[in-house]
Amino acid sequence: MLALRKLSSSSKSSSFLCSFAIQSSICSSATIPDVPSCTYYDARINEAGRQGDFATVHHLLNKRVSDGFFNTNNTFKFVSTTNLSILDDLLDTIARLDNGYPKKCSYDCLIARLSKMHCISEATRVAETMVIKRHGANNVTFHPIINALTKKEEFHEAWRVMDVMRSNGIVPDLTAYNFLLTGYCFTGDVVSAAGVLAKMEEEELGADTRTYDALVLGTCRVGKLDAALAVLRRMVDDGVSPLYCTHAHIIGALLKYQFYEQAAEFVRSYAGRDVKLDSENFGILATRLITRGKFEEAKELVKEMTERRLALGPRLKDFYELHVRS
């Protein structure tokens with residue numbers, strides 16, 4: 001189990017000097033427009049961050065929330081693998097933000113940024129800081145870390161993070177388990193996936209669209225196409241709307257095993273319920289048939305797409321002009 005580390009407190013300037021630094025930095029910056037935006041605040045924060053102007057970063061993080069603009073995936077884009085040395089200054093800046101949402105959201109956003117860069121130890125450090133200082137760490141705090149680990153197939157570390165959550169009174173939720181389930185299903189490790197499902201059942205977490213999607217993916221990965229179709233039918237029967245990628249998993253698996261007619265039959269069996277889904281399914285199948293040199297099969301599908309008035313992408317438009325319309 002990961003041990004929580006206590007961060008050593010950095011020396012602080014007097015309140016007068018701190019206030020003077022903040023005001024000087026703010027006054028020298030551009031005036032905030034009457035109608036700001038998330039993009040505006042992200043750009044300003046990143047500019048200040050790249051310059052090491054954390055007084056302005058502090059002001060803008062508070063101001064954007066008071067103006068009703070949440071942090072985004074781009075808020076801490078100035079943090080990179082080449083400047084992780086600024087993490088101490090940034091953590092000190094976030095710690096001095098207004099209590100509540102401004103502080104909690106900023107911590108979570110920074111963790112998401114670090115996790116995306118796969119700086120797991122740094123992301124974990126920030127999460128541990130939230131736990132130690134009682135800044136509202138919860139499942140959302142740890143989701144990016146677990147997601148990043150499972151995408152890299154570092155399952156042992158992901159389970160250790162789950163243990164850290166439990167040891168600090170945070171019970172892993174359905175989303176956390178879905179990350180693990182999807183990771184195992186992607187690798188085709190159905191035994192471990194079954195273990196995750198057992199834990200989810202034990203915790204009485206239920207299932208959502210991501211859970212079913214992972215199961216469809218897993219069964220497709222190991223070539224159990226009948227099982228994949230059965231899961232999809234169960235999903236629909238349970239009133240859970242499939243993701244577009246859920247259908248794509250099955251289409252891809254059918255093509256992998258050269259079941260071209262069955263793939264077309266599958267796409268047609270779900271046609272007429274959702275125009276966007278139809279465009280996605282027909283488009284994916286037609287494009288992949290073209291890639292595989294199955295031009296006759298592709299011509300039939302593209303012709304059917306035009307008859308159904310489904311949108312054609314650039315590649316399918318060119319194919320239509322050359323092989324169908326002519």
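Cβ atoms are placed via backbone N, Cα and C, with glycine included.
Just so you know, TrEMBL annotations are computer predictions that nobody has curated.
For 138-172 (among others), the entry in TrEMBL reads repeat 'PPR'. Taking the repeat 'PPR' (138-172) as a whole, pLDDT averages 97 in the prediction.
Within the same chain, residues 139, 142-143, 146-147, 150-151, 153, 155, 158-159, 162, 165, 213-215, 217-219, 221-222, 238, 240 sit at least 6 positions outside the repeat 'PPR' (173-207) and bring their C-beta atoms closer than 8 Å to a C-beta of that stretch. Annotation comment: TrEMBL describes 173-207 (among others) as repeat 'PPR'.
Here the repeat 'PPR' (208-242) has long-range neighbours at 174-175, 178, 181-182, 184-188, 190, 193, 200, 249-250, 252-254, 257, 259, 266, meaning same-chain residues at least 6 beyond its ends whose C-beta is under 8 angstroms from one of its own. Here TrEMBL flags 208-242 (among others) as repeat 'PPR'.
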Secondary structure content of the repeat 'PPR' (208-242), with strand meaning DSSP E or B:
26 helix, 0 strand, 9 coil
